[in-house]
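Just below is one structure, and these are the notes that go with it.
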Amino acid sequence: MLIKKTLRAALAGDDIPRSEITPRAVFEHRRRILQAAGAAAAGGLVGAHGLALAAYASPDATARKLAAPANPKFVVPEKVTSFKDITTYNNFYEFGTDKSDPARRAGTLRPHPWRVSVEGEVRNPKVYDIDALLKLAPLEERVYRLRCVEGWSMVIPWIGFPLAELIKRVEPTANAKYVQFVTLADPSQMPGLSAPILDWPYSEGLRMDEAMNPLTLLTIGVYGQVLPNQNGAPVRVIVPWKYGFKSAKSIVKIRFVDRQPPTSWNTYAPNEYGFYSNVNPNVDHPRWSQATERRIGEDGFFTPKRKTLMFNGYGDWVASMYRGMDLKKYF
């Protein structure tokens, strides 16, 4: 059935309405906020929001800079997404459900001091201060594709080090089969927690071999500086061959467990968001196709969508981990 585009979707280059690509609870929450914002516009608040977003047009001159050489193994022969788009078009529901909410509202997050507890099935459990994490292993810049399950993508220059470096130091036991990542859930810092969208705190997980894969990056920076709050400060994980929601933000716990851990979106809608959630153009979301994507900042209404690559283009690095698996069943 042909779905008629809304004007907003057409201008954004979307092929389907936001109500079709957004979980119902999130869509209804956004609609209530937009209705309230209509009244605020008369008082000039919309202009203030615009000024807040304009502050992210270029890297923050006051933000802590990170010296990290580019790793030539991890580059993408595509245009890097602008700093403005990377920092103003985000999903981070702890700060709101609209794409601009994190940039406008994440100033309440306090990324320092910050501690990450590494626990569970490890011989050397430890609580890392964020400054200690910065020094745990040599930092490097990697340019990765980011593919959102909603059908859009970016190309981002992240800074961090392989998660495997941390894993080796804590020495997982033979019982450690999975790694769980838990995000901060502090209502005083995260106003979006008041919305009953997910069971907070946000959590994600990887199989142990996925966590140890050289691509999996413990990430503390972007565009030569520490992570902005809205991008998951002060530490997150990046798993570039999976849909973006697998890359947990603002991590406070890394837990090694003996069985597949519950994860937020898979718990919310297991028929829509699989535990693995590998980028796969051959396995559609129940409500939309995953065969193509829109590149943020480049692809508009009159630009044909680009084809989505299997494993987001990282098959040489990761395909062997899923050999013999039915990827339609284990999506």
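Note that Cβ sites are derived from N, Cα and C of the backbone, with glycine treated the same way.
Record check: Swiss-Prot places Asn90, Tyr93, Glu94, Cys148, Asn231, Arg236, Ser247, Ala248, Lys249 at the Mo-molybdopterin site, and the matching candidate among Thr183, Thr292, Thr303 is Thr183. Residues near Arg236 (Mo-molybdopterin binding site) in space but far in sequence (CB under 8 A, at least 6 apart, same chain), listed by position: Thr219, Leu227, Ser247, Ala248, Lys249, Ser250, Ile251. Close to Thr183 (Mo-molybdopterin binding site) in the fold, though at least 6 residues off in sequence, lie Glu94, Pro201, Tyr202, Ser203, Ala248, Lys249, Ser250, Ile251, Val252, each with a CB less than 8 Å from its CB. Around the Cβ of Asn90 (Mo-molybdopterin binding site), the number of neighbouring Cβ atoms within 10 Å comes to 23.
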